[in-house]
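A short write-up of the structure that comes next.
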C-alpha cells in the first residue's frame, strides 16, 4: 500500500524476458488527510473557528485563539472592542474581558450613563438636568447655588430708606424704620397726633387720657376725649 505523500516512489516489475519501472505518488484531495485520505480539515477564520491545518490534518489555532475548535478568544478586546464611551478593555480569560469605565458611566460595556439626578440633589424644588458625570440645577426664583442652597439676599439693594434696618427673609425682606419714619420701605413720615389739651379751672393743661379725674381741681370733660384716646391706642398698639 502506498501512503499519500509528495515524494515520488519507484515500483519495479520483473518478468521472464523483461522488467519495467513505474514512478508513482499518491496525493489526497485538498483539505483531506490521513493514509486513506478520509480526514477532513479546512482552514477557517470565522464564527466556526480560527485555525489552519497542519500536515496531518490537525487544527492549528491562529494567534489569539484557543480551544478544540479554536473559538475561545484570547484577545476579546482587540477583536471586538466591546467597551463604549471611552472605557478601557482588559482581557481576563478566553472569551472574557472587563471594562474600566470613565466617570459617569457604568455597565459591563460602559453603556449606562449614570443618572446624577437620581439622588435629587437640587434643593428648594429646583429642576435637575442630568449630564455626563455632572448635573445642573435650574433653581426657582429667590434661590441660587450649585444645588439651589443659597437664598438670595433681598437686602443687598438696600431697599429700606431713611436709615431703616433691613432684615432678609425667604423671598422677601422686612424694614425696621428709624424714628420718625414708617411704611414698608420706611419712606413715609410718621404722623404724630397732637397731645390733647383741655381746660381745667381756666388753665390750659396737657392731660392724661382717661375718662375720669380724681384730684383737687375739677375739670371740664370734653366729650371727644374718649374718641381721641381710642385713636392714640390704635396708633400705639
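Glycine is treated like the rest: Cβ placed from N, Cα and C.
Summarising the annotation, TrEMBL assigns disulfide bond to 28-37 (among others). Residue 37 (disulfide bond) falls outside any helix or strand according to DSSP and counts as coil.
Among the features that TrEMBL reports, disulfide bond is placed at 41-53 (among others). Under the DSSP three-state reduction, residue 53 (disulfide bond) is assigned to strand.
Around residue 61 (disulfide bond), a 10 Å sphere centred on its CB holds 18 further CB atoms from the protein chains shown. Feature annotation from TrEMBL assigns disulfide bond to 61-70 (among others).
In the shown protein chains, 20 other C-beta atoms lie within 10 A of the C-beta of residue 101 (disulfide bond). What TrEMBL records for 101-110 (among others) is disulfide bond.
Spatially close to residue 148 (disulfide bond) yet at least six residues away along the chain are 122, 123, 124, 125, 126, 137, 139, 140, judged by Cβ distances under 8 angstroms. The feature disulfide bond is assigned by TrEMBL to 139-148 (among others).
In the three-state DSSP scheme, residue 177 (disulfide bond) falls into the coil class. In sequence order, 160, 162, 164, 183, 186, 190 are the residues near residue 177 (disulfide bond), counting only same-chain partners six or more apart with C-beta under 8 A. Taken from TrEMBL, the feature disulfide bond covers 177-186 (among others).
Residues or ranges marked as domain 'DSL' in TrEMBL: 26-70. Mapped onto DSSP classes, the domain 'DSL' (26-70) shows 0 helix, 17 strand, 28 coil.
Under the heading domain 'EGF-like', TrEMBL lists 73-111 (among others). The average pLDDT computed over the domain 'EGF-like' (73-111) stands at 94.
The domain 'EGF-like' annotation in TrEMBL covers 113-149 (among others).
According to TrEMBL, the domain 'EGF-like' annotation covers 151-187 (among others).
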- Would you list the DSSP helix, strand and coil counts for the residues of the domain 'EGF-like' (73-111)? 5 helix, 11 strand, 23 coil
- Note on the structure: Running the disulfide-bonded residues 28, 37, 41, 53, 101, 110 through a 10 angstrom C-alpha radius around residue 61 (disulfide bond) leaves 53
- Item | Spatial neighbours of the domain 'EGF-like' (151-187) far in sequence, C-beta under 8 Å, 6+ residues away | 141-144
- Could you state the CA-to-CA distance between residue 37 (disulfide bond) and residue 70 (disulfide bond) to the nearest Å? 23
- Note on the structure: Within the same chain, the residues 6 or more beyond the ends of the domain 'DSL' (26-70) and with Cβ under 8 Å of it are 1-6, 78-79, 94
- Query: Which one is closest to residue 101 (disulfide bond) in space, judged by CA to CA distance, out of the disulfide-bonded residues 28, 41, 53, 70?
  - Reply: 70
